[in-house]
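Below you'll find the structure, written out as structure tokens, and then a few comments.
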Amino acid sequence: MQYQHDSLDKLKLGQQTQYASNYDHTLLQPVPRHLNRDTLGITHTQPFHFGADIWTAYEISWLNLNGLPQVAIADVAIDFQSENLIESKSFKLYLNSFNQSKFATFEEVQQHLTQDLSNCAKGKVSVKLHPLSKYCHEPIVELAGECIDQQDIEINDYQFNPEILTNCTHDQMVKESLVSHLLKSNCLITNQPDWGTLQIRYEGKQIDREKLLRYIISFRQHNEFHEQCVERIFCDLMQFAKPDKLTVYARYTRRGGLDINPFRSNFEAVPDNQRLARQ
């Protein structure tokens, strides 16, 4: 997938950059959500009513007023209704700009993060900054649902194709949660692989699992940001499967000390940020 927009030409992603030595909020770079939503026809009205881009930031450090380095982990949730998503390399460079800057308290750092990310996203952003002692007790979890990956099928086409989902439902009405660890897409700018686990929770006519798995695997050579892939999956399932209720949730492996976990639903609230085995 290719988008033409001035905001993409200005991104630091894929370019050689220098790391800032002092706090600099201008390093954050937005990507308008409408770039993807225009192609899906959902710019003005989205088919999901709940959602966020859930980030975990593992590499946050700054100096206290005595010059002693401090470290923390942050949970960040960017509301799906924000005007922009935040480009990941710029987020990394922004976080690194804290490294040699002095702040009095955890709360001060958290306030800067919340304000700067909200301004960049042009929407609601929540930030929770945690000491490492808190994360020592965080479990590694599994996404609830039945894994559909162990199917005895042959795959020979890895080009994105939503038409795979044509006639993808059976008459039986179900309420189920399905999981696949085989989601792989590629960065829109750099083509680097993005690895994810996908959860689909729905109520409606039963979705054919073979067709669903083939559809998921068709993302393997597809170029889009994480958030855009999840919204595309949601829209394709609504178009072809027409469930009464639908949640699409992907948790991607981390890169540059950040993982991105987009969540979209038309019936349930954003979950807590809990990491998986590959995170």
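Note: Cβ is positioned from N, Cα and C throughout, glycine not excepted.
The active site, thioimide intermediate feature in Swiss-Prot is assigned to Cys187; the stated evidence is sequence analysis.
Same-chain residues at least 6 positions away in sequence with a Cβ under 8 Å from that of Asp194 (active site, proton donor) are, in sequence order, Lys184, Ser185, Asn186, Cys187, His226, Cys229, Tyr252, Thr253, Arg255. In this structure, Asp194 (active site, proton donor) is part of a beta strand by DSSP. Per Swiss-Prot, active site, proton donor is recorded for Asp194, and the stated evidence type is sequence analysis.
According to Swiss-Prot, the feature substrate binding site maps to Ile86, Glu87, Ser88, His226, Glu227, an assignment based on sequence analysis. Annotation for Ile86 (substrate binding site): spatial neighbours Leu28, Gln29, Pro30, Val31, Asp53, Ile78, Leu117, Cys120, Ala121, criterion Cβ-Cβ under 8 Å with sequence separation of six or more. DSSP gives Ile86 (substrate binding site) a strand state.
Here Gly256 (NADPH binding site) comes close to Glu59, Ser88, Lys89, Lys92: these same-chain residues lie at least six apart in sequence, with C-beta atoms under 8 angstroms from its C-beta. In the three-state DSSP scheme, Gly256 (NADPH binding site) falls into the coil class. The annotation NADPH binding site is assigned in Swiss-Prot to Ser88, Lys89, Arg255, Gly256 on the grounds of sequence analysis.
Glu87 (substrate binding site) has a Cβ environment of 23 other Cβ atoms inside 10 Å. Under DSSP, His226 (substrate binding site) is assigned to a helix (H, G or I) in the three-state scheme.
Max Cα-Cα distance over the annotated NADPH binders (Ser88, Lys89, Arg255, Gly256) is 9 Å. Among the record's substrate binders, Ile86, Glu87, Ser88, His226, Glu227, no two C-alpha atoms are more than 11 Å apart, and one pair sits at exactly that spread. Ranking the recorded positions Cys187, His226, Glu227 by how many other Cβ atoms lie within 10 angstroms of each Cβ puts Cys187 at the bottom. Neighbours of Arg255 (NADPH binding site), defined as other CB atoms within 10 A of its CB across all chains, total 16.
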